[in-house]
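Copied over from TrEMBL:
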- 35: active site, nucleophile (ACT_SITE)
- 269, 415, 466, 469: [4Fe-4S] cluster binding site (BINDING)
- 316, 378, 379: Mg(2+) binding site (BINDING)
- 18-30: compositional bias 'Polar residues' (COMPBIAS)
- 35-253: domain 'Glutamine amidotransferase type-2' (DOMAIN)
- 1-32: region 'Disordered' (REGION)
């Protein structure tokens, strides 16, 4: 069995991205999603639909982008550092085929080197197999070490390449259906995947359903994507969410489920509803915007305060702020303006540099907040640095009082399932009271949405949510060794 990903057909040699990641003073303080996955099979060239879907899902990963397309004889692979528009040029790209997968990445497993960017491709004993993966495999190192002992080689330290090798090995040994089932038994963690095997496309979701995955259809073919907004962008119709533990095959004959293997506990990531997903997406039957508005409404009930206006931190706190305004009766207003054309990343060696970068990214409107008691709403707090800067800015611009309200509970524990929150000591809320946190950010008051309030806002059937980063209790067994060893990025 050939376990080396192909490089033939590679267009545009990948290079290492030297730009600092995660240093954006606003978004760099937020949890970042692992990536977006896309798949297309139809009667037109897959290139344009994949590009459109990837651009729609750009918010899920900005570090790299790639696609792999099968033309009936070979796979053409292209991937590189940066945004989708940095990597692909429709005027010059020569990528053709009727089935393909696409990927955008924010690294949470494996280094930031573009060799770890998706998709991954292999020429196996049963043909070409490609994979785009969103999530994180917690036992990837164990599987990699085991396969290396068998003589299997790897070109990256990505957990996605481990998945590809494991799937290829199992399909070669057991056949298609049993190969997928065996892989689900051996892979522990979160994965939502678009996979092509020769001219067929597969949508695969882990048995706990941690990361989202949907399938839709337009006049040109079938679309697999991390979020439904990508299907909307292609003027398609959402067919269904891929169920936990499900493998859906898309062929010339249509679609069919070939594996259904859900776990005893379904655990959809709550942060998809709080922050990651676009508000116009529907994730596991729940509209993201409606869930966020509900978070704001319940937050206003749980933590009321007398103030003049409700102001969101753009863009992440907008939906929750609307809900807070609706429930409280206080007017909603845009008191902070976001500069959408500032630099995407900053090198900020000193605190004064970071403050300058914040001011470049966000600017208060003095005429709106001056002399006012402000309820400042954001979706979450991880480290607290950004909120401290924003509160200071708003005071400088004349806000009389600033009452911070957070539309999610306290984040106190790492995530091992595809979010860049790996250190136990990075969370401002860990081991601190709200009063202590409030003193650090400099607000007049601070309150978080309760865990029960979050569950009520999302209204997930049977409360099938992963709340690991809020409670430290995970749907998948996390070994003590792993929990202790992950202490830095």
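Using the three backbone atoms N, Cα and C, a Cβ is placed for every residue, glycine included.
Just so it is clear, the model here is predicted, and its values are computed rather than measured.
Annotated features taken from TrEMBL, shown on the structure.
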| residue | record | DSSP class |
| --- | --- | --- |
| 35 | active site, nucleophile | strand |
| 269 | [4Fe-4S] cluster binding site | strand |
| 316 | Mg(2+) binding site | coil |
| 378 | Mg(2+) binding site | strand |
| 415 | [4Fe-4S] cluster binding site | coil |
| 466 | [4Fe-4S] cluster binding site | strand |
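The separation of residue 415 ([4Fe-4S] cluster binding site) from residue 378 (Mg(2+) binding site), Cα to Cα, is 20 Å. Remark: of the binding-site residues 378, 379, the most isolated position is 378 (fewest other Cβ atoms within 10 Å of its Cβ). Between the CA atoms of residue 379 (Mg(2+) binding site) and residue 469 ([4Fe-4S] cluster binding site) there is a gap of 15 Å. Excluding 269, 415, 466, 469 themselves, the residues of that chain whose CB lies within 8 A of the CB mean position for the [4Fe-4S] cluster site are, in sequence, 210, 270, 271, 417, 419, 467, 468. Mean pLDDT for the domain 'Glutamine amidotransferase type-2' (35-253) in the predicted structure: 95. In this structure, the recorded positions under consideration are 35, 415, 466, 469, and the one with the smallest number of other Cβ atoms within 10 Å of its Cβ is 415.
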